[in-house]
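Enquirer: I'd like to ask some things about the structure below.
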Amino acid sequence: LLSSERIKVAAMLAFGMGLCNAVRVIMSVAIVPLSATHNWSSGFAGIIQSSFLWGYLLSPIPGGALADRFGGKSVMGWGVFFWSIATLITPWAASRSLGLLLAVRVFMGLAEGVAMPSMNNMVSRWFPSSERAKAVAIAMGGFHLGNVSGLLLTPILMSRFGIDGPFYAFGTVGLAWLSLWYMHISKDPQNHGTITRNELLFIQNGTDKRKVTARVAMPPFRLLLSKLPSWAIIAANAMNNWGYFIILTWMPVYFNRVLGVNLKQAAWFSAVPWATMAASGYFAGAWSDLMISSGMRVLTVRKIMQSIGFLGPAVALIGLNSTRHPAIASTWLTIAVALSAFSQAGYLVNYQEIAPSYAGVLHGLSNTAGTFAAIVSTVGTGYLVQWLGSFQAVLLLTSGMYIVSTLFWNSCATGEKIFD
């Protein structure tokens, strides 16, 4: 794998997914000084942050359908182009009007909504079944490290170049990535100019039982939604995003307002968990592939991984709720985020197992549900904190939802192909 074209694909996916998260997280840090400057309430700050998700809600399904038809390479490329442009013009929009800022944030969300289904499509085309979990883990490792770079670099760039600095920096890097993506990556191994015959045969031999074909007709949405395993994935994605976006969006504010640390320290305390998430996600992927290679049933492995990915954060958020010491709180947060990465070897790989030819569109369906959950959790957290004056209820509610979601996944998921 290390000397193959597949690792190049995985590395470029990781970098692209990292940019996806980095440009998204800039506002999570910038919202603190912006709220102070404009006297925004917690509820209104939640609306500003969630505006990205309004666009993100709309594009995963068409993005997944386009990726299944035309390939993830083109769809991912256009997504990166448009979200990089949106990032670059955000300072200009903010200087004009709040409405224009919200519109640009929505447009950025539209562009980023195609990233996940495109990544899943590329994995289904480029990697045999024995390497899928590791490939997803590498791509998602980059995704989580994007949080780290965004959280750590944003306050530094803001202090040196003003609030515009991080938007210009990350937008420019996105356009540079795009040129490398189109020069060195093809939509599938059959169309790659420098792949060796041995590697091509290895990929084909590992994917022949789940051949992926381009679909021209309208995807069978009714059929996809008629099976409980599809709903197991959709519910797991929704729960994962609920917890993920509360942590991503509100933890800098939590450390600043509840635990009393300054903005730069809050960014550091909030960034550390995402670095561990990248490592734990790869460990989960490698471990799950090893268990499957040793003969364990795919379904058993997916249940183990997803149970760790939900029950671990459920316990850790209770621990986070019990301390007011920043270092201890960061430790609990790190445990929650690190264990949640095991979901990458649970529901996030399951698309390709139950619906290889519709992996992109099924991912789009579940990602839409996940985005809706993210909007509700992001905005709802702001209003709950404003209403109750505390984050405690939000953390306890999320912990309970993780437990219920674990039971639903273990009751309804499957590891077998159910859609041709």
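Placement of Cβ uses the backbone N, Cα and C atoms for every residue, glycine included.
Just so it is clear, the model here is predicted, and its values are computed rather than measured.
According to TrEMBL, the feature domain 'Major facilitator superfamily (MFS) profile' maps to 9-417. The feature transmembrane segment is assigned by TrEMBL to 12-34, 40-58, 70-92, 98-115, 136-159, 165-183, 228-251, 271-292, 304-321, 327-349, 361-385, 391-409.
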Enquirer: Going along the chain, which residues at least six beyond the ends of the transmembrane segment (271-292) come within the CB cut-off of under 8 Å?
Expert: 130-138, 140-142, 144-145, 147-148, 151-152, 247, 298, 300-302, 304-305, 308-309, 330, 333-334, 336-342, 344-345, 349
Enquirer: Run the contact check on the transmembrane segment (70-92) against the transmembrane segment (98-115): 3 or more C-beta pairs under 8 Å, excluding pairs closer than 6 in sequence.
Expert: yes
Enquirer: So which of 12-34, 136-159, 304-321 has the most C-beta pairs under 8 Å when paired with the transmembrane segment (98-115)?
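Expert: Answer is 12-34, with the largest number of Cβ pairs below 8 Å.
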Enquirer: For the transmembrane segment (304-321), what are the same-chain contacts with Cβ under 8 Å, counting residues 6+ beyond its ends?
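Expert: Apart from its flanks, the transmembrane segment (304-321) reaches 236, 239-240, 243, 284, 288, 291, 329, 332-333, 335-347, 391-392, 395-396, 398-400, 402-403, 405-406, 409-410, 413.
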Enquirer: Across the domain 'Major facilitator superfamily (MFS) profile' (9-417), what does the pLDDT come to on average, as a whole number?
Expert: 84
Enquirer: Determine which residues of the chain contact the transmembrane segment (165-183) at the Cβ level, with the cut-off under 8 Å and only residues 6 or more beyond its ends counted.
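Expert: Distant contacts of the transmembrane segment (165-183): 12, 15-16, 19, 22-23, 26, 30, 73, 76-77, 80-81, 83-88, 90-91, 150, 153-154, 157-158.
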Enquirer: For the transmembrane segment (327-349) against the transmembrane segment (136-159), do we get 3 or more Cβ-Cβ pairs below 8 Å once near-sequence pairs (under 6 apart) are dropped?
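Expert: Yes, these stretches are in contact.
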Enquirer: To the transmembrane segment (136-159), which of 12-34, 40-58, 228-251 is linked by the most Cβ pairs under 8 Å?
Expert: 12-34
Enquirer: If you count Cβ pairs under 8 Å, which stretch among 12-34, 40-58, 391-409 touches the transmembrane segment (228-251) the most?
Expert: 391-409
Enquirer: Which residues of the chain, 6 or more past the ends of the transmembrane segment (391-409), have a CB below 8 A from one of its CBs?
Expert: 232, 235-236, 239, 242-243, 246, 250, 254, 258, 303, 306-307, 310-311, 313-315, 317-318, 320-321, 346-347, 377, 380-381, 384-385
